[in-house]
Structures are given as structure tokens and as C-alpha cells.
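**Q** Straight out of Swiss-Prot:
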ACT_SITE  His108  active site
BINDING   Tyr25, Gly26, Ser27, Gln28, Lys48, Ser51, Ser53, Asp83, Gln84, His85, Gln86, Gly134  NADP(+) binding site
BINDING   Asp191, Glu227, Glu231  Mg(2+) 2 binding site
BINDING   Asp191, Glu195  Mg(2+) 1 binding site
BINDING   Ser252  substrate binding site
DOMAIN    2-182  domain 'KARI N-terminal Rossmann'
DOMAIN    183-328  domain 'KARI C-terminal knotted'
Amino acid sequence: MTDIVYDKDADLSLIQGRKVAVIGYGSQGHAHALNLRDSGVEVVIGLKEGSTSRAKAEEQGFTVKTPSDASAWADVIVILAPDQHQRGLYADSVRDNLTEGKTLVFAHGFNIRFGYIEAPEGVDVVLVAPKGPGHTVRREFEAGRGVPVIVAVEVDASGKAWDLAWSYAKGIGGLRAGGIRTTFTEETETDLFGEQAVLCGGTSQLVQYGFETLMEAGYQPQIAYFEVLHELKLIVDLMWEGGIAKQRWSISDTAEYGDYVSGPRVISPDVKENMKAVLADIQSGAFADRFIKDQDAGAPEFLELRKKGEEHPIESTGRELRKLFAWNKADDDYTDGSVAR
């Protein structure tokens, strides 16, 4: 059975004795920085000139430096920019400021796993990945709880990288819930697979096909939306609370029987074979290569696919129906129906 690491197993003073630069102040960046500071760690924020996040970081009491200056100042550099921007950020601002004894921290292993970033000799490279979005990481920390983390070490030049990684994980509150040891390869490949095959790609396509099937059969779009998208949250919440078993325990006998007899007709064995092909593309680096090449070219495929998704009729139906939901409160910085960030 996997060993779980908790607060009692890690020495917080290790990260408290280091100067930490958090590069990026988005979802994960703000949570890591605030939690570390509340844990007694000296933190500065690294942001490019003109960054829209600068005002927020300064309002929350942080010193903001350029990524280059922050990296030169720090002992521990935490790179929390989007995957596609990390390579350029590292080359332009971080690499030349890395000296023996410093540590690079990532929350996702993409750029290390696929070779887009290579640290110089003498630098530790670690992964501390909370299994939740940044606002949840921060909220749980403030409540005296934590979000579970997975932790890995790619390069242990100092011989003490694991100890510092666990200390960092404790500093952001992750070991209150528990930490699991992994590798950069395992974290990256399973994370991408989960996103593509199940959580994002698989679920989005399943919902769209369900909506289209009901619409093509003559049912009202509003009813179709409720049945294949709106109620999905109710089912996922049950699965989150107690697994598939609790979800099946909570629904009617009719729904449970339909689950058993019709689920395999929709998600048939060939779907599993397709999943294996998706995983193979991830493992071989084919997906990463396709993504980065598209991003380097200005993201034409990415933007075309995003636009196509936004134009699906389920989106216009949803925008109208969500106006009826008194309990629905959108994020302040989100425009309903838009994927663009």
C-alpha cells in the first residue's frame, strides 16, 4: 500500500530557511505564495513587466520583481506559469540565475518529462502538485485543512531534495491532508491522460454526443441540457464523495439497472482501446510535440478547436438556462460561454 506522508513527517524549518520566488501569480501561484508566507516563508513574486497580475500581488502585500531578478534573489524558484510559456520563461529569465544548491519547483511535470527544460548540474528539481485548483488550496489552508499533494524528485543534486520537497509541501498545507510519493513521469503522463480521456476530453465529448442525440430525436434543447449536462454535477459529486459505489447506492433502481446494461453499450471495449492509443501518444511525446508546435506557431489549431466548441448549440442553450438558476454565481472574471482566458 502507498505510504502517506503527513505534517509530522516533514520539517517546516527547511523551507522557512530558504528564500522562495514564485514565478507566476495565477490560480496555483497565488495559493502557493500566500500559504508559504503564512507558514513563515520569505516569498517574492516574479512577473513580467506589464503583467495584469502585478497589482493583485502587490495589493496582497508581496514584493514583485521581474522573473530574472526574482530568480537571482531566490534559493528556491517555483515555476507556475502555463506549460507552453515555461520553456521561454526559463530560457530568458531563470536558467542563467541557477547556481549550485538552488532548487527548481514545479506543480506539473510537463516541461521536465518531455525535455523542454533541463536544469544545470548542481540544481535540485522537484515536483509538488496539489490535487486541486489554486482557490481550493488557499481556502482549505485558511480553514486549517489542506489539499492532498503528490511529490516527486527528478534531480537530487544536494542529496536533500526529498526533505526540502516535503517541507515545501507542508508549507502550502498539503501534508495536512497527506502527500504521496510519485515521479515526474508518472505525474505527467497520468495527469494528461486523465484530462484527455476522462475529465475534460472524454466528458465533454460524451455530453455533446448525448445532447446531439436527444436534439436529433426531436426533444427540446432545454430538456436535453438538463438531462445530459446540468445533472452531471449531482452524479459526479456522489462519485467524489464515495466512489462509483455511492453513486449507484444513491440513485433509483431504474437508473442503477440502466447504468449496468447501457453503460457498456455506450462506452464499449473499443473505447478502452482508443484510450490506450491516447496514452501511447502521451507516453511517446507525440501529444506534447503537437501542442508545443501549435503554440509556437500562434496556436491556430488550438484556437480553431476552441471556437468550434464555443459554437456548439449546447453552449447557447446553457447560457439561457443558467439565467434561471438563482444559486448560480459565476466567477467575477469569467464571461459566460467563453473559453478564452
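Every residue, even glycine, has its Cβ placed from backbone N, Cα and C.
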**Q** Could you give me three numbers for the domain 'KARI C-terminal knotted' (183-328), the DSSP helix, strand and coil residue counts?
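**A** Split by secondary structure, the domain 'KARI C-terminal knotted' (183-328) comes out as 123 helix, 0 strand, 23 coil.
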**Q** Suppose you look only at the domain 'KARI C-terminal knotted' (183-328); what would the mean pLDDT be?
**A** 97
**Q** Could you give the Cα-Cα distance between the residue listed as 'substrate binding site' and the residue listed as 'active site', in whole Å?
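**A** Counting only the Cα atoms, the answer is 40 Å.
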**Q** Taking the Cβ of each of the binding-site residues and counting other Cβ atoms inside 10 Å, which one has the highest number: Ser27, Ser53, Gln84, Gln86?
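**A** Within the set of binding-site residues, the most crowded position is Gln86.
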**Q** Find the one among the binding-site residues Lys48, Gln84, Gln86 whose C-alpha lies closest to that of Glu231 (Mg(2+) 2 binding site).
**A** Gln84
**Q** According to DSSP, which of helix, strand or coil covers Gln86 (NADP(+) binding site)?
**A** helix
**Q** Going by C-alpha positions, which of the binding-site residues (Tyr25, Ser27, Lys48, Gln86) is nearest Glu227 (Mg(2+) 2 binding site)?
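**A** Answer for the nearest of the binding-site residues: Ser27.
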**Q** If you count the other Cβ atoms within 10 Å of each Cβ, which of the recorded positions Lys48, His108 comes out on top?
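**A** Within the set of recorded positions, the most crowded position is His108.
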